[in-house]
Amino acid sequence: MTQTIFMVGARGAGKTTIGKALAQALGYRFVDTDLFMQQTSQMTVAEVVESEGWDGFRLRESMALQAVTAPKTVIATGGGAVLSSENRAFMRDHGRVIYLRASAAVLAKRLAEDPEEAQRPSLTGKPIVEEMLDVLASREALYQDVAHHVLDGTQTPSLVVEQILQMLTGEMVK
């Protein structure tokens, strides 16, 4: 198997943590689209949103997704990458999509503990638990629609990676 693996889910779901571990287990390259955008634009996510608005950020996100897609690559997508129907079609057509699902309470707790959180702009201006409830309510169907596999992102990263490896091995046998 050499296809691209896309990790989708809300902020704090574990896409980067699990994506890195999965890439290491597979001998793949790992790319985080938010980090890629920051490196190529020389701006933080907050700075891109401030200067170009959310539409500009989403456009950059789509371009980054296409730019980093390559065989033997695990990609941690931005939480909102699924908002674009073009992004959803692109990911489904170019690899396997894994949705890391977690409750709003778990996501809020992880984000509150994340030192990078300060550079991520609020999507709604609400407290983080309320924001995550809103985000999940508006995106859950999109995450489900794009995903080839849905996994419980609240488990330990090693367990999630093990489950992904088993799923991918099972697909190769079919």
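Cβ from N, Cα, C; glycine included.
Around the Cβ of Thr17 (ATP binding site), a 10 Å sphere holds 18 further Cβ atoms from the protein chains shown. Annotated ATP binding site per Swiss-Prot: Gly12, Ala13, Gly14, Lys15, Thr16, Thr17, Arg120, Gln155, in sequence order.
Taken from Swiss-Prot, the feature Mg(2+) binding site applies to Thr16, Asp32. Neighbour density for Thr16 (ATP binding site): within 10 A of its CB lie 16 other CB atoms from the protein chains shown. According to its DSSP assignment, Thr16 (ATP binding site) is helical.
Taken from Swiss-Prot, the feature substrate binding site covers Asp34, Arg58, Gly79, Arg139, and the record attributes it to sequence analysis. Mapped onto three states, the DSSP output places Arg139 (substrate binding site) in helix. Long-range Cβ neighbours of Arg139 (substrate binding site) (same chain, at least 6 residues apart, Cβ-Cβ under 8 Å): Ala10, Gly79, Gly80, Val82, Leu83.
Residues or ranges marked as region 'LID domain' by Swiss-Prot: 112-126.
For the binding-site residues Asp32, Asp34, the largest tally of other C-beta atoms within 10 A is found at Asp34. The Cβ of Ala13 (ATP binding site) lies under 8 Å from the Cβ of Gly79, Leu100, Arg101, Ala102, Leu107, Gly153, each of these being in the same chain and 6 or more residues away along the sequence.
Mean pLDDT across the region 'LID domain' (112-126) comes to 64 in this model.
For the pair Arg58 (substrate binding site) and Asp32 (Mg(2+) binding site), the C-alpha distance works out to 15 angstrom.
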